[in-house]
Amino acid sequence: MELQEVLHMNGGEGDTSYAKNSSYNLFLIRVKPVLEQCIQELLRANLPNINKCFKVGDLGCASGPNTFSTVRDIVQSIDKVGQEKKNELERPTIQIFLNDLFQNDFNSVFKLLPSFYRNLEKENGRKIGSCLIGAMPGSFYSRLFPEESMHFLHSCYCLHWLSQVPSGLVTELGISANKGCIYSSKASGPPIKKAYLDQFTKDFTTFLRIHSEELISRGRMLLTFICKEDEFDHPNSMDLLEMSINDLVIEGHLEEEKLDSFNVPIYAPSTEEVKRIVEEEGSFEILYLETFYAPYDAGFSIDDDYQGRSHSPVSCDEHARAAHVASVVRSIYEPILASHFGEAILPDLSHRIAKNAAKVLRSGKGFYDSVIISLAKKPEKADM
């Protein structure tokens, strides 16, 4: 089976679907002010045709309610500028393209569109024809839009996914060079870490080059993804998954060879690696870069404070929180896990993930490192 056929979130609307388990993104409120600033600066710059039709691409939109949370924030940011100008006629038509791989559950996405349009008219006074939303399926590591056609490109929690498993993870004798590991983790040797970094460098460079061609001069990109600000200071979702698969091997429920042949195309870069690649590729200026922490169990309760490390790591809801974390992890990785190990293993694996998540939450290290980076396409010399 081709890798792209399983590199998607779990579809549908069941208990293990991404739609039911993606609410944690709603609590990453650090992104919204930067998003608003990007869009408002774009509109005030009076770039070509932007006040007639503002064109947006959401790269790696996945499925579920949070797809439209981002869209709503974009629309509200655009309309906020119109309100400041006190001229409703200056509100541009908005055209938004939702992008993900062909296997993404776009059916679930567009089932939510009628209610989104109703809420948009109620909250923003926008008729359906003033905000046009469509799909643009395909890999965001390839061309998606015509040259110099887009004003703003956005991607949230996608760019840590690589286009392929790095080469060099198997020796000439066919033995795994990353035994006991499923990605570039703490136990991986330097050659493995270099292989993953090399693949990320290649992919991120391609991403920047291709999408710089699609953006108009001085167009913007806002990217948020997993990083490793503190080297292995606290385990991320991949570490939870790796620990849990190893538990199944130790307990005799899974063959060691199955684990050793499982390599996930994910890499969490450092901010220095991100900055270096952007500067070396050369198409963009870095306007803003910030790292922050998102807790494992964000989305478990709307009453929690998820702005940082402020909440207590121990809770009377510990087991429920850990089960929530396991459901989120399963909703993200189930297609690739089922493809390699088979579906029968998933319930036992989820149980181990919950047990390991409880331990990490109890230790106070249940956080993901994330980076937000705002980029502006450098103008051509003739435009300066």
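Positions of Cβ are set from backbone N, Cα and C atoms, glycine also.
Cβ-based neighbour count (10 Å, all protein chains) for Asn66 (S-adenosyl-L-homocysteine binding site) stands at 21. Swiss-Prot lists Tyr18, Cys61, Asn66, Asp100, Leu101, Ser139, Phe140, Cys156, Cys158 with the feature S-adenosyl-L-homocysteine binding site.
Here His160 (theobromine binding site) comes close to Phe225, Ile226, Cys227, Ile266, Tyr267, Ala268, Pro269: these same-chain residues lie at least six apart in sequence, with C-beta atoms under 8 angstroms from its C-beta. Mapped onto three states, the DSSP output places His160 (theobromine binding site) in coil. Residues annotated as theobromine binding site in Swiss-Prot, with similarity to another entry given as evidence: Tyr157, His160, Trp161, Ser237, Tyr368.
For the recorded site, Asn178 (Mg(2+) binding site), the DSSP three-state label reads coil. Under the heading Mg(2+) binding site, Swiss-Prot lists Asn178, Asp260, Phe262, Asn263.
Annotation comment: Swiss-Prot describes His154 (among others) as site 'Involved in substrate discrimination'. Cβ-based neighbour count (10 Å, all protein chains) for His154 (site 'Involved in substrate discrimination') stands at 25. In the three-state DSSP scheme, His154 (site 'Involved in substrate discrimination') is classed as strand.
What Swiss-Prot records for Ile266 (among others) is site 'Involved in substrate discrimination', and it gives similarity to another entry as the kind of evidence. Counted within 10 Å of its Cβ, the other Cβ atoms near Ile266 (site 'Involved in substrate discrimination') come to 22, all protein chains included.
Sequence annotations record features per position, and here Swiss-Prot assigns site 'Involved in substrate discrimination' to Val328 (among others) based on similarity to another entry.
Swiss-Prot lists Glu343 (among others) with the feature site 'Involved in substrate discrimination', giving similarity to another entry as the kind of evidence. Other C-beta atoms found within 10 angstroms of the C-beta of Glu343 (site 'Involved in substrate discrimination') number 10, with every protein chain shown included.
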Phe140 (S-adenosyl-L-homocysteine binding site) in three-state DSSP notation: coil
For Val328 (site 'Involved in substrate discrimination'), the closest of the binding-site residues by C-alpha position, picking from Leu101, Phe262, Tyr368, is Tyr368
If you draw a 10 Å sphere on the Cβ of Asn178 (Mg(2+) binding site), how many other Cβ atoms land inside? 25
If we check Cα distances from Cys158 (S-adenosyl-L-homocysteine binding site), which of the recorded positions Asn178, Ser237, Glu343 wins as closest? Ser237
Taking the recorded positions one at a time (Leu101, Cys158, Val328), which has its Cβ surrounded by the most other Cβ atoms within 10 Å? Val328
